[in-house]
Amino acid sequence: MTVRCGSVCFSQNGAEDTIRSSTLVTGFYIMELQALVFFLLYLITLVLNVLLISVIHQNKQLHQPMNVFTCMLSLNEIYGSSTLLPAVMAVLVSKTHDVTVKWCMAQAYFLHTYASGEFCILALMGYDRYIAICSPLHYYSIMSYSKTCKLIAFTGLYPFIVFTSFYSLTLQLRFCGKVMPKLYCVNMELVKNSCTNAQYISTVGLAILVLFIVPQLVMIVFSYAHILRVCRTFPKESQANAFRTCVPHLLSLLNYTIASLFEVIQTRFNMSHVAVEAQIFLSLYFIIIPTIANPVLYGLGTQTVRGCIMKLFIKNKVMTTVLAKTLTVG
């Protein structure tokens, strides 16, 4: 079977279903070079997110609910990138470029729980900003240790519980030999490749999508509506401080919204008339850009965190200089 560039296809390999991948990205003519690019992107994602988590963990002054939620977001970025990039690298360097359907279904589960978890965490961070700006004197009594733990547990479990109940429908399907026009596996493309008419799953999926969007969207709109209302009563300097506090979250939210729109457009609409390069960009934006941009936004965009990062680098630079002088004298 001939497969278009940037797609994977289903095939039968004895008793086991496999997915044969042909992910030649235009502009990269060597498989190893493609794998190297994805490896570097994955490495950057890991380094940035682990650095942010480490800095927050090591500095007690950063042990506040907002920074804890930031660590939660970074852990989710590591989870999301780890479900895609190593798998893409493995396919690129393999001789057969085959991936089992079971792994494809697992990857779809991981990616969807990552995406839904991302929005839940961003909604939680929006609520935290609302409390911090609108009720600063009562912030620590409202966002107590007990409540913070409950919010973290609920936000972490909600995407897995809701999506698992829905995804059980897809797990019952059997798949035929058809093309999936993506570099990775997602639920809707799996459903499209079902041997039977699985339109009901698409319908249920839209209902589940409401559970993943509406409550979080309501919380975000509610939070920022109150923030805007309260900020109008602040003096100019306080308004500027409130704005700086919200900028990283707003940019993360905007970035996630753009990535989600790209994903929905590519999954729900016919993209055969769109250039392969554009399709590949739409696919990769969703999983690569937010995972790299978010730790930068919350690391460099938050003054206290940025200060701790600078101290860490200055401290290491001083230690390196002292060590170099010691070795030279010795």
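We number each residue from 1, going along the chain as drawn.
Each Cβ is built from the backbone N, Cα and C atoms, and glycine gets one as well.
According to TrEMBL, the protein has these features:
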type: TRANSMEM; residues: 35-56; note: transmembrane segment
type: DOMAIN; residues: 48-298; note: domain 'G-protein coupled receptors family 1 profile'
type: TRANSMEM; residues: 68-94; note: transmembrane segment
type: TRANSMEM; residues: 148-169; note: transmembrane segment
type: TRANSMEM; residues: 200-225; note: transmembrane segment
type: TRANSMEM; residues: 246-266; note: transmembrane segment
type: TRANSMEM; residues: 278-301; note: transmembrane segment
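For the transmembrane segment (148-169), the partner stretch with the highest count of Cβ pairs under 8 angstroms, out of 68-94, 200-225, 278-301, is 200-225. Note on the transmembrane segment (278-301): residues 6, 25-26, 41, 44-45, 48-49, 51-52, 55, 70, 73-74, 77-78, 80-81, 84-85, 111, 114-115, 118, 181-184, 247-248, 251-252, 255-256, 258-260, 262-263, 265-266, 271, 309 of its chain, located 6 or more positions outside it, place their CB under 8 angstroms from a CB of the stretch. Looking at the domain 'G-protein coupled receptors family 1 profile' (48-298) alone, the prediction's average pLDDT is 86.
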